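According to TrEMBL, the features are:
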type	residues	note
TRANSMEM	12-31	transmembrane segment
TRANSMEM	69-89	transmembrane segment
TRANSMEM	101-118	transmembrane segment
TRANSMEM	138-159	transmembrane segment
TRANSMEM	171-199	transmembrane segment
TRANSMEM	205-223	transmembrane segment
Amino acid sequence: MTLSFFDQFMSPTLLGIPLIALALSLPWILYPKPSNRWLNNRLLTLQSWFISRFTQQIFQPLSLGGHKWAMLLTSLMLFLITLNMLGLLPYTFTPTTQLSLNMAFAVPLWLATVIIGMRNQPTHALAHLLPEGTPTLLIPVLIMIETISLFIRPLALGVRLTANLTAGHLLIQLIATAAFVLLPLMPAVAILTATLLFLLTLLEIAVAMIQAYVFVLLLSLYLQENV
């Protein structure tokens with residue numbers, strides 16, 4: 001039976017039970033827990049350094065009110081990076097290629113930033129819908145455009161993450177299939193294709209990390225507008 005290239009994005013099942021819950025719980029098992037010792041091992045030290053650097057980078061422009069989100073956004077960053085990286089391993093499933101999962105992350109967090117802005121400073125939050133100095137005739141049009149752009153934000157967050165990971169996985173599978181088919185026919189071309197596959201895999205590792213960072217960075221920018 002010939003399988004479609006898009007079958008790799010289907011949620012795996014065992015005895016009719018979806019295994020996406022197992023894939024989502026795996027990242028929390030991989031990270032070591034902090035110890036009570038005076039000196040940590042190299043892995044814990046590297047993990048603590050990465051978390052502190054990321055937190056400083058994301059929350060330095062924010063006011064003190066936005067620092068309450070540090071634990072949430074840092075955990076989300078580690079979670080997305082781990083899911084994206086694990087999805088590059090053979091015979092694995094990438095949950096973040098599912099638009100429904102990404103929207104489940106994007107919509108509640110975006111809505112929370114909007115609600116915080118409306119509750120704490122409603123005048124300032126509504127002022128984003130109308131730039132200062134707008135001509136009177138353009139006021140209704142600009143309000144509609146800004147409102148649409150506001151509601152498109154969570155969709156853009158989810159679609160950006162899904163599209164980048166899906167395109168990368170498809171390219172890897174296409175080039176790997178080409179290298180496998182060309183190996184008995186044209187070994188030299190197959191070696192060049194395998195080299196391209198290796199370089200593309202390195203690129204996808206970078207994309208997996210960057211897309212998780214961009215997802216959290218955009219959420220922090222939305223939060224910055226509303227605190």
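Using the three backbone atoms N, Cα and C, a Cβ is placed for every residue, glycine included.
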- Contact ranking winner - 12-31, 101-118, 138-159 against the transmembrane segment (205-223), Cβ under 8 Å: 101-118
- Task: Report, as numbers and ranges, which residues of the same chain sit near the transmembrane segment (12-31): CB under 8 Å and 6 or more residues beyond its ends.
- Result: 47, 78-79, 82-83, 86, 92-93, 95, 98, 101
- Who are the long-range neighbours of the transmembrane segment (101-118) in its own chain, taking Cβ under 8 Å and residues 6 or more past its ends? 20, 72, 76, 80, 95, 124-125, 150, 153-155, 157-159, 161-162, 215, 219, 222-223, 225-227
